[in-house]
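Structure record follows, encoded as structure tokens.
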Amino acid sequence: MASLMLSLGSTSLLPREINKDKLKLGTSASNPFLKAKSFSRVTMTVAVKPSRFEGITMAPPDPILGVSEAFKADTNGMKLNLGVGAYRTEELQPYVLNVVKKAENLMLERGDNKEYLPIEGLAAFNKATAELLFGAGHPVIKEQRVATIQGLSGTGSLRLAAALIERYFPGAKVVISSPTWGNHKNIFNDAKVPWSEYRYYDPKTIGLDFEGMIADIKEAPEGSFILLHGCAHNPTGIDPTPEQWVKIADVIQEKNHIPFFDVAYQGFASGSLDEDAASVRLFAERGMEFFVAQSYSKNLGLYAERIGAINVVCSSADAATRVKSQLKRIARPMYSNPPVHGARIVANVVGDVTMFSEWKAEMEMMAGRIKTVRQELYDSLVSKDKSGKDWSFILKQIGMFSFTGLNKAQSDNMTDKWHVYMTKDGRISLAGLSLAKCEYLADAIIDSYHNVS
């Protein structure tokens, strides 16, 4: 119980039950646990106990989502938010796909309820997402060899898989590209799954270090999980060629590793759902067992709906059934069951021939706008930079991100001087850039590259 000290104009105002001698606790200056409050002629000093949470330290801001908070606080009219990977229109406004609006209207017309989904999610969604990934007639689907359950977008789906690895592959290591998406390491750390890195980005060429990648995958302990970006590598935008994917599959098979794909941009990288799934389908055709996490944040713009899936391709239908049962067991205490709204949107869009065609057209439009902006940025850099630097790496990258090659100090200059908000590894999201601001961004990049070391 907190102690009190009352200072009154007349001691006769003290309550009878309070002993005046017991009130001599000192002042707030001499006792750090006392706080003084004044009420007219009465001063009350309260002893406050230390918080039980004193040992909890302040967490650092998220390196990606924290960029948006800093951007919002900036009042400069030329500011650009190129940090978070979210699609914007040419006017730099959020975009809700027309086909998503149609799917939502359909749900309203039908009067869909808000009842709980099963632990594994919406059956129509799970069927649709597996078919989008592998193709409707693929043997893994026909033979029921893929365990698919709905997850909380890409992050939640990765986390489910990480928990499965921790439980059933004790001591196994996940090997991650260097660099990779900022949340990958957090997810495996949280699941207590050890990880290491394989070489991926070559700063000298601002391209793929393919030889280093292959060498490191070969050196990984046999049976490691090799985390691969299915398309539009984040943060570099650098993807292996089809021939290089074949070599990657060869090495993973030779070493008895388990591939683990993160597919966050299917259809959003090239504009084609099938082309962006080619790497995953290559591994499936070889009869390999592997994981695939999916997200619909980018290709359907369902960022806030948290809609995705984890797929585990197995060698038999029996194994897939058992894997699915354990994924459900993991999900139950973690979040119980997934949200229905986004799952119904995906199921409606994929299940309707007209809406599916409209979705593909909108994806092509979004991917096309990013390609146009990428070309315009390159053209602006070439025309403005008289140093002779080769900027062609920008055109060789794919998807919504570009790895500029800028270091932390140069990235800081982009923000501090030019009000261009980006992650400190030099990644920019071209989805947040307009044609009108390409020249301004080119000026910022040229200044930061040449004048900041």
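Using N, Cα and C of the backbone, Cβ positions are placed for all residues, glycine too.
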Given Swiss-Prot lists TRP181, ASN234, ARG427 for L-aspartate, the same-site residue among GLY77, GLY85, GLY342 = GLY85
Which residues does GLY85 (L-aspartate binding site) neighbour through Cβ under 8 Å, counting only same-chain ones at least six apart?
-> ASN234, LYS298, MET400, PHE401, SER429, ALA431
GLY85, TRP181, ASN234, ARG427 bind L-aspartate per the record; greatest CA separation between any two, in Å, is 11
Not counting GLY85, TRP181, ASN234, ARG427, residues with a CB within 8 A of the CB centroid of the L-aspartate site are ILE64, GLY182, PRO235, PHE401, THR423, SER429
For ARG427 (L-aspartate binding site), nearby residues of its own chain (Cβ under 8 Å, 6 or more apart in sequence) = ASN234, PRO235, THR236, PHE401, SER402, PHE403, THR404
Here the 10 Å Cβ neighbour count for LYS298 (N6-(pyridoxal phosphate)lysine) comes out at 24
Sorted by position, what residues of the same chain at least six away from TRP181 (L-aspartate binding site) have a C-beta under 8 A from it?
-> HIS229, ASN234, PRO235, ASP262, ALA264
